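Everything below concerns the one structure shown next.
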């Protein structure tokens, strides 16, 4: 489903401090109906604080949040009614069955009778847990709990789903299931705000990305726009048997090479896209008597965007 | 209102599915009463009197310990995470803490009545000629204890801190109130402290009801417990913050 540009949430100059520590430094962004907005950033960037304020669980320091044009604190009940939240931790009653959990949480949003049963059936199917509906949650694997955690957030058919790192600590199969389910939510026109520090997840599901670091938004746009923003670069990582005498200056003499980093036996070279200079780099290394153990090339990635913007890797 | 009853029902189910809490409010007190009654039987004319004394005093101790049931139901680590979804929902904040107070009260009250009933029948002891008043007086005391447990959680923002402080406070008040042994022969200072302990008043109300068949302190303790309950619920509404759940 195509994203229309109807503004759903507007965050304006949001601040938050814990004691003397300023964790959000006046961030502003919009969320449009039908999009999957990924908030990407390392631990401590302010993602979860932003989410906790957006879910009206944590008070804001300053700034405003608007929902469909009105301040959320003015119509909090209406706002919460259309909100589905997937917290970072598993938020389920372990002693109850999957169905009992879903029934209870969906009923908090006013569903009852046949409507409730239908919603619960739909959510169980969405999570792929129909055959385990009567089993206690404590008997589930971590991945199944994560899926049920999401199902509990969508059972009442919310318009906006907020997910705070929902794939932490799960197996690849369950992660793929969760990413597929987010695509399905998007196809059904549901707006999703998704925080993560996994680049590959952002690449897979995002309509738009916000990159946060140290409580500020440092970049915003589609993944294509963000990659464009760091220029037309690609990166080679060349592993040598033993770096004998290659000097950075020599590599800079090759056309298109923009940066060189020698890290022991590993060379990291950034080069302009479109200039085929890998053969010349290899030739230079051969001339200097170097033996190449491995070569990897990488087009512009979100990791490179983050590296360029902050000077460090996302998981540093 | 519908949402409130949904939450209350689930809180009660969760309490009854917790074997530690069920055991602590039943088997533990039965054993405590039997052991204390047996050990103290030499101090009374017959063992029945000893069992009656400890049935009443230990049930008072059990009622006050209901504060820990409430704090567990409200902020125990695993339950707390799932309770967070209630905060996310449009239910509002009042049902979150008030349902926990009510659920803990109903849970403790129900189990303690069963314990009293079973022990009265099996040991042949009595709670006086006004058993209805005895059961009725238990209600506001149980409720006040549950409200105290939730209030401590709201103030100290953690179940561990609240339970540790409550446990110390309840034990101290019970010792001063002469729940475990009489403090009468321990000097004037201890006797004074004992007199100002609210547990002393609660004990006296239950003992005069069951031993003297008198309603002398009934109304005073009943109303005091109701007023304290109302104040504690108001205190919860002033101190409860949803972010404490994060």
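Cβ atoms are placed via backbone N, Cα and C, with glycine included.
Remember, TrEMBL labels are computer predictions, not curated facts.
Marked as domain 'ABC-2 type transporter transmembrane' by TrEMBL: B:4-206.
Summarising the annotation, TrEMBL assigns transmembrane segment to B:20-39 (among others). Long-range Cβ contacts of the transmembrane segment (B:20-39) within its own chain (Cβ-Cβ under 8 Å, at least 6 residues beyond either end) map to 47, 50-51, 53-55, 58-59, 61-62, 65-66, 69, 72-73, 107-108, 111-112, 114-115, 118-119, 123, 180.
According to TrEMBL, the feature transmembrane segment maps to B:51-75 (among others). Among residues of the same chain six or more beyond the transmembrane segment (B:51-75), those with a C-beta under 8 A of the stretch's C-beta atoms are 11, 14-15, 18, 21, 24-25, 29, 32-34, 36-37, 40-41, 44, 83, 97, 100-101, 103-105, 107-108, 112, 115-116, 119-120, 123, 125-127, 138, 141-142, 145-150, 152-153, 158-159, 162-163, 166-167, 170, 173-174, 177-180, 199, 202-203, 206-207, 210-211, 244-245.
What TrEMBL lists as transmembrane segment is B:106-127 (among others). When Cβ-Cβ distances below 8 Å are used as the criterion, the transmembrane segment (B:106-127) is approached by residues 12, 15-16, 21-22, 25-26, 29-30, 33, 37, 48, 51-52, 55-56, 59, 62-63, 66, 69, 73, 134-135, 138-139, 142, 145-146, 209-210 of the same chain, each at least six residues removed from its ends.
The transmembrane segment annotation in TrEMBL covers B:133-156 (among others).
Sequence-remote contacts of a segment are chain residues at least 6 beyond its ends whose Cβ falls under 8 Å from one of its Cβ atoms, and for the transmembrane segment (B:163-183) they are 36, 57-58, 60-61, 64-65, 67-68, 71-72, 148-149, 152, 156, 190-191, 193-194, 197-203. As annotated by TrEMBL, transmembrane segment applies to B:163-183 (among others).
Residues or ranges marked as transmembrane segment by TrEMBL: B:218-240 (among others).
Within its own chain, the transmembrane segment (B:218-240) is flanked in space by residues 93-94, 96-98, 101, 133, 136-137, 140-141, 143-144, 147-148, 150-151, 154-155, 198, 201-202, 205, 209, which lie at least six positions past its ends and keep a Cβ under 8 Å from the stretch.
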